[in-house]
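Sequence annotations record features per position, and here Swiss-Prot assigns active site, proton donor/acceptor to 133. What Swiss-Prot records for 107, 108, 109, 110, 111, 112, 131, 132, 133, 152, 166, 176 is dCTP binding site, and it gives sequence analysis as the kind of evidence.
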């Protein structure tokens, strides 16, 4: 697999709608950086959050996810409680080409503050807003800034298109919009 350059990412985003909205140059003016980088794209977090809480003594079960496990917030600054977790989504909508696998890494700005961003790979043929998982590993409240950089996506091109894409098998998260909870 080959990691794809800024030139390729720009072309796919502008001609094929791979990333919408697309920010062509990295923005760093007084914010956590986002936009096109040399070999990746730094995506922004939207102002839509689901913050985990234990007010109702719920148990987190991926097979039977209880909606009372979290509170919804629309805000420019999300505060994640100590040793807690929040879900969010990217501002950008992604359309992954059939011969590409996308992996995501957290931003060092957040990592150096004990905030871990996790995203599973974006499979060939998948499209949607990416649900972001933020873990606050510290004993202190932690801030996440909406409309600023959250993570970096790296685009890996395979040696040929896959036989069966995520779209072909009608994957359960295909076309997701907004923060998407676990599905079976």
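Note that Cβ sites are derived from N, Cα and C of the backbone, with glycine treated the same way.
Predicted, not measured: the structure shown is a model, and the values here were computed from it.
The full span of the recorded dCTP binding residues, 107, 108, 109, 110, 111, 112, 131, 132, 133, 152, 166, 176, taken as their largest Cα to Cα distance, is 34 Å. Sequence-distant contacts of residue 111 (dCTP binding site), defined as residues of its own chain at least six apart whose C-beta falls under 8 angstroms from its C-beta, comprise 117. If you take the C-beta of residue 107 (dCTP binding site) and look for same-chain residues 6 or more apart in sequence within under 8 angstroms, you find 32, 33, 42, 117, 149, 150, 151, 152. For residue 133 (active site, proton donor/acceptor), the same-chain residues lying six or more positions away in sequence with a CB closer than 8 A to its CB are 85, 86, 87, 117, 118, 119. Under the three-state DSSP scheme, residue 131 (dCTP binding site) falls in the strand class. Within 10 Å of the C-beta atom of residue 166 (dCTP binding site) sit 20 other C-beta atoms, taking all shown protein chains into account. Each of the binding-site residues 109, 131 was assessed for Cβ neighbours inside 10 Å, and the highest tally belongs to 131.
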